[in-house]
Amino acid sequence: MTLRIFDTGTRTLRDFKPVQPGHASVYLCGATPQSSPHIGHVRSAVAFDILRRWLMAKGLDVAFVRNVTDIDDKILTKASENGRPWWEWVSTYEREFTWTYNTLGVLPPSTEPRATGHVTQMIEYMQRLIDNGFAYAVDGSVYFDVAAWSKAEGSDYGSLSGNRVEDMEQGEPDNFGKRGPQDFALWKAAKPGEPSWPTPWGDGRPGWHLECSAMATYYLGEQFDIHCGGLDLQFPHHENEIAQAHAAGDKFANYWMHNHWVTMAGEKMSKSLGNVLAVPEMLKQVRPVELRYYLGSAHYRSVLEYSESALSEAAVGYRRIESFLERVGDVEVGEWTPGFEAAMDEDIAVPKALAEIHNAVREGNAALDKGDREAAKKLASSVRAMTGVLGFDPVEWGSDAGADGKADKALDVLISSELERRATARAEKNWTVADEVRDRLADAGIEVVDTADGATWKLQ
């Protein structure tokens, strides 16, 4: 069967035809580690981890790039407000994102580039845009000329988001020599006290959109298969990525996939609304594998409305699968059902795929009740194949001293690192930093216990 993907760019289901037969190239907009990850962030990681696993299951060699935006305005602002170096701030939260990905069984990317490590590629990209007449330098900053590009032959600016050029606002100040209000920064001139890198146009730091265009094409080539990300990135970020790439002469991504939001009481989960749920807090209620099951259970293009009852129902659903496999005993991974394959090939329709799994579980339990262990074992093998594709095969999760043990080990590594930073601060009599570490851990439901032998921790 042929995988069909809903391409945001054309708003249609399209047959997936990779640029290079037998291979798939995928770029996912990853974390901006300005603060702790919440389940809104993690839903995107789980959704496209499932996509990646399905591509692999279909026999494709997958190059999966997930970037880290390790420099931007919010990072600098928050680091400054808390009296910490920007790079230390980033490192702290990047570790939290990595722990979260690992705890929920998200496969490590083939490459995880950081923006600050690719300034050379960004300079080359800006030079191409300037040479092509679609970018200009002003007082150390470099801007993309939206008007020039939108009038150029072959321009498709606005097609991804459906916005008209005259209605677009980039959020960039208009008083820094921009030619037009829609123009956006490729490079931001250095400001006192901020990190900067040298370029032919002056010292400064990267613009958000430039980072991804430069890194995606550097690792995956000027034309690659799939670009993924959250729906909120569609404009301006992804729209501007496309503009930069096409204006530079790159074909860029053939397919665009966007996951919808996690909402609570009908509102998008966001830090500004104060309705975010941190992963450690949620792991007090369910195991990591059950949280993964929940986050992946809705279609990636559908809103995932959070409630405690929905989370509990998901955990019960997973335990039903787990219980069946425990009843059967040891079985090898078999083959998925035709219905499962059809569901996954139709734009990664996980709800339909889960229905196939639960049908097999019901039939398997019925077979066991009748004493037909061979039929039950065959169904269990199929269940393992299907749950493996979705990243929650109970046997695999159970093989590492249980999912709880896996989470505890990862959590201990993360918190121990923070306790070491606190111990250093206390030794230097930097009580502000020491208290900040303690308070931030407390906000995540972790109590620091000081003993004669040093600090330890426990869940509140």
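Each Cβ is built from the backbone N, Cα and C atoms, and glycine gets one as well.
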Query = Swiss-Prot lists motif ''HIGH' region' for one of the ranges 31-41, 163-173, 174-184; which is that range?
reply = 31-41
Range annotated as motif ''KMSKS' region' in Swiss-Prot, from 153-157, 268-272, 368-372, 418-422 = 268-272
Task = Using all protein chains in view, find how many other C-beta atoms are within 10 Å of the C-beta of Cys212 (Zn(2+) binding site).
result = 28
Remark   = Across the motif ''KMSKS' region' (268-272), DSSP yields 2 helix, 1 strand, 2 coil
Message = Below 8 Å Cβ to Cβ and six or more residues apart, same chain only. Which residues does that give for Glu241 (Zn(2+) binding site)?
response = His209, Cys212, Ser213, Ala216, His227, Phe252
Inquiry  = Based on DSSP, tally up the residues of the motif ''HIGH' region' (31-41) by helix, strand and coil.
reply    = 3 helix, 2 strand, 6 coil
Query = At the level of the C-alpha atoms, what whole-angstrom distance separates Cys29 (Zn(2+) binding site) and Lys271 (ATP binding site)?
reply = 19
Remark   = Out of the binding-site residues Cys29, His237, Lys271, the residue with the smallest number of other Cβ atoms within 10 Å is Lys271
